[in-house]
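Inspection log for the structure reproduced underneath, given as structure tokens.
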Amino acid sequence: MKGSFRQSMAWLHTWAGLVVGWVLFAVFVTGTASYYRADISRWMRPELTKVSPLTHAELPAAAERAVAYLEKHASEARTWFIGLPHGDEPVLDLFWRIRPGAPPGHVILDARTGAEMALRKTMAGDFLYRFHFELHLPPIWGRWIVGICAMIMLVALISGIITHKRIFSDFFTFRRDKAPRRSFLDAHNVTGVLALPYHLMITYTGIVTLSMMYMPWGVTTAYRGDSQAYFSEAGFVTKSRPVANRPAPPAPIGPMVERALATFPERLGRVSIAHHGDAHATVIAAFEEPHGLSHEHPQIAFDGVTGAVLEVVNGGLKPAAKTFSTMVGLHEAHFAGPTLRLLFFLCGVMGSAMVATGLVLWTLARLPKANERPFFGLRLVQALNIASVAGLPAAVATYFLANRLLPPDLAGRSDWEIRAFFAAWIAAALIPLARPHRRAWSEMLGLVAGLCLAVVLADIATVETHPLRRLGAGEALFLWFDGALLAMACLFAVAVRKVARYQAPSRAERSREAPRPSAAVRSSERPAPLHAAPPPLAAAEPERA
Amino acid sequence: MSTSKGSAGTGLVERAGIFARIVLATGGGYAVAALATALLSVTLPLERSEAVTTATLLSFAILAGVVVLVFALHSVPRAAGILFGAILVMGLGLWLAAGPGLFVGGAP
């Protein structure tokens, strides 16, 4: 392009960052929350605190109960997935898929009786987790959109690094008292550069987790498109067995689970059963990863008819496959203990902030002069910025709030939680359109702070086992969760103050007297020089972005 | 895309140039990365699964590199030339390495 290499990279950084910023913000926020997916799920099913964990010896019988339920209710499904009970989720979590594309069946059973549990119906942390890479769209669409955005993000990161002449000194630069555009630029640089290794890692490894979908052409040429053959040859999964179409009585699952438990010390997470009742029925016991960075689940495949072990997959990956699974492991961060997990979480928050400040920066650099009307693109970007940066956190908070406030026995309850999420998001995107831009920011950020606070209050009010109602006798998780939301509320309250704070004191006074205060507010938002020649107050229309 | 003087005519040329670069970067970039993945998968002196994994892991770096290249080069025809050259060479290499049977089998 015209100009120097660095100039063309600056152009690329600006526009690549802008077009995907809104999706990326949502992906960053929900992905960051997903570091605590298990905790969120536990918090969203408070009834589970009353269920005591199961011992190892109880697991085989629990698996039998799961199979009995599935035989009765999901006999036409090709594959069943049985999530076995464990510490945080002492229940049977059953999934089955009847055919590709159809929504999967799902039920939670009492592991000790095999009956459906009287739990509030919720997608819990899984909704945020899946939204992170599927955006609640049909999986194929969602995953491609997120993948394309991640790829553009990678390009934006690379071009952003090239753009940065003084990457080292900018590391230590934050000019908070300068013009808003300056401090936004510095905030963008600080959040971008400080956590840069994390941003590069999380973007590339995120693409890698779905790489076989985005870039299947190696499998196409080397394996003639047979991805199952590739996965088993690489040592990721056990060999798949085609259906025989001959019925055969299935072996009981209990002894297989018993044998699996005796084979590996890791937690037995999931048992899947393919083609139950067929002569080629296969039972696969999949364990949690052993300690380490790599995403390697030990697996044992059993013959579903004889109960004999067919194959054991346990580590031993070759270098490239090991690299691949380490990248996936880095992305998922299952290896991270509490401290490291918190660091990952904070890096994710910084990533979200990097995207948000970048988006705002684009608008600050293009504000019209006092006597010009903002052009359409600017108003569009401003509207989308509020809709994502304030709207998505409002939606997440509303999702939590709905979990506490919707009646537990409401029909289609988990769908209503998700509807609440989107309704809040749409509302938070539309209301600012009718408000002056600067005010809209304050109001929407304030709304998020209020919603976070409301979640904490609703939690204390509706959960009778809450530690604050039992003088600390309940589960500490609830205190941590509520504490985190209070911290979020404070963070957004500070943001409200910051948005207001950019008004110069003298102008703030004048704006109070002015008939249309928003005009004064708007004009002070312009890039540097901030205090040079304040425009006539009545000149600028209050903006309706 | 030469120097812009800010007139309407140049603006149009510039826009066309940017549009061409976007098409080249996305379509051409993906084509180059996909061909490189396919070619490396059958030519790397590794086990079959290792070659595929290595090639796939590299492909996104290749794609990002091509995008940066397309936007960094001064002339669009030059960028297009380099991309089509690479596609041609790799396509030929793939034909020689994997044989015509590959293309009969049909890609998904």
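Each Cβ is built from the backbone N, Cα and C atoms, and glycine gets one as well.
Annotated in TrEMBL:
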type	residues	note
TRANSMEM	A:12-36	transmembrane segment
TRANSMEM	A:141-163	transmembrane segment
TRANSMEM	A:184-207	transmembrane segment
TRANSMEM	A:342-364	transmembrane segment
TRANSMEM	A:376-396	transmembrane segment
TRANSMEM	A:416-433	transmembrane segment
TRANSMEM	A:445-465	transmembrane segment
TRANSMEM	A:477-496	transmembrane segment
REGION	A:504-545	region 'Disordered'
Feature contact check the transmembrane segment (A:376-396) with the transmembrane segment (A:12-36), CB under 8 Å, 3 or more pairs:
yes
Near the transmembrane segment (A:342-364) in space but 6 or more residues beyond its ends, with Cβ under 8 Å, are 14, 17-18, 21-22, 24-25, 28-29, 31-32, 35-36, 180-181, 184-185, 187-188, 191-192, 194-195, 198-199, 202, 333, 336, 378, 381-382, 384-385, 388-389, 525, 527
Given a Cβ distance threshold of under 8 angstroms, which distant residues of the chain, six or more beyond its ends, lie next to the transmembrane segment (A:184-207)?
31, 133, 147, 150-151, 153-154, 157, 160-161, 164, 167, 170-171, 173-176, 214, 327-328, 330-331, 344, 347-348, 350-351, 353-354, 357-358, 360-361, 364
Would you mind listing the long-range same-chain contacts of the transmembrane segment (A:445-465), meaning Cβ under 8 Å and 6+ residues beyond its ends?
43, 46, 49-50, 390, 393-394, 397-398, 400-401, 404-405, 424, 428, 474-475, 478, 481-482, 485-486, 488-490, 492-493, 495-496, 499
